[in-house]
Amino acid sequence: MNIMDFNVKKLAADAGTFLSRAVQFTEEKLGQAEKTELDAHLENLLSKAECTKLWTEKVMKQTEVLLQPNPNARMEEFVYEKLDRKAPSRVNNPELLGQHMIDAGNEFGPGTAYGNALIKCGETQKRIGAADRELIQTAAINFLTPLRNFIEGDYKTITRERKLLQNKRLDLDAAKTRLRKAKVAEARAAVWAEEVTKSEQEVRIAQSEFDRQAEITRLLLEGISSTHAHHLRCLNDFVEAQMTYYAQCYQYMLDLQKQLGSFPSTFLANNNQSTTTCVPSSSNTTTAASSVSVTASLSSLSNVAAPSSFGELKSSSGSRKARVLYDYDAANSTELSLLADEVITVYSIPGMDSDWLMGERGNQKGKVPITYLELLN
């Protein structure tokens, strides 16, 4: 027998097997053939495996969305992964925001209160961006990769063996059907006893192969419990990575808050300042109140408390020389605009707010915020 004859016979045998399985499957669906049921334990293991696969995929996909909300970026990373190439590094949103804040602060001037605050906020945002990048990398290695390995590795093996089990089950039931038909024909003296014996032999072989495949599938499915234990360890690693990330972010923001002062009063002052600037008020009282709020904001941003010398000056009737620390634009005619590094004369008048002094420069005078001043000896 040459190789070609062997291949032809093998193809014919495979075609016959396929046809036999197709006929058996169709008759089962039509209720015209009996079906060998799997034992309850194996059925439970199969259900557990399907449930594990379903929820592992959902958790994995949603974790990817959490770590990378941009769908285009996720698709790009997927393509690079399939091509076995490293995806190009990109600036994340906190880092981009931080860089814009730093650029804005440098543009406004690092010596101004607002510019200095922007630079500090920008540096903090960039640190948060670096922590975010570390979280993504750690989660990908310790959490997403094991889940993906299960879906693309272990579960594919289970699916392949389960399909083999289904084929062996169809072969067994087809052999049983042929045996049953042979026995009916034998009773009618339509076939020889040898035909029945041959069918019985086919059933024994099919039963043996089915039992063997069922055992292989059962052993693989029983490994799902080990998979759950492994995924639990990976979940703990993911939680620990998140805990580290949020702890870092909290510490960064806590340090920033200490530098900037109280956030609530700062936000309120900024809102008042914006309202006063955009919508001119006809009330001097409202304008003065907005100016006080602006000064309180700058005081918080600079994190500078009024020294005792200011208190002494306000309680006395004398005057002092003071150096201007930052530029200041007067909000109304009752205030005095200031230029950084100039020296002016300051004094207090009865009933003046604690955050303000009267300032004089030549024949000009007006209210000035004490947070912009440094008293000279």
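Heads up, the Cβ atoms here are built off N, Cα and C, so glycines get one too.
TrEMBL does not curate its annotations; it predicts them automatically.
Mean model confidence for the domain 'BAR' (27-269) is a pLDDT of 87. Residues annotated as domain 'BAR' in TrEMBL: 27-269.
What TrEMBL records for 317-377 is domain 'SH3'. For the domain 'SH3' (317-377), DSSP puts the residue distribution at 3 helix, 29 strand, 29 coil.
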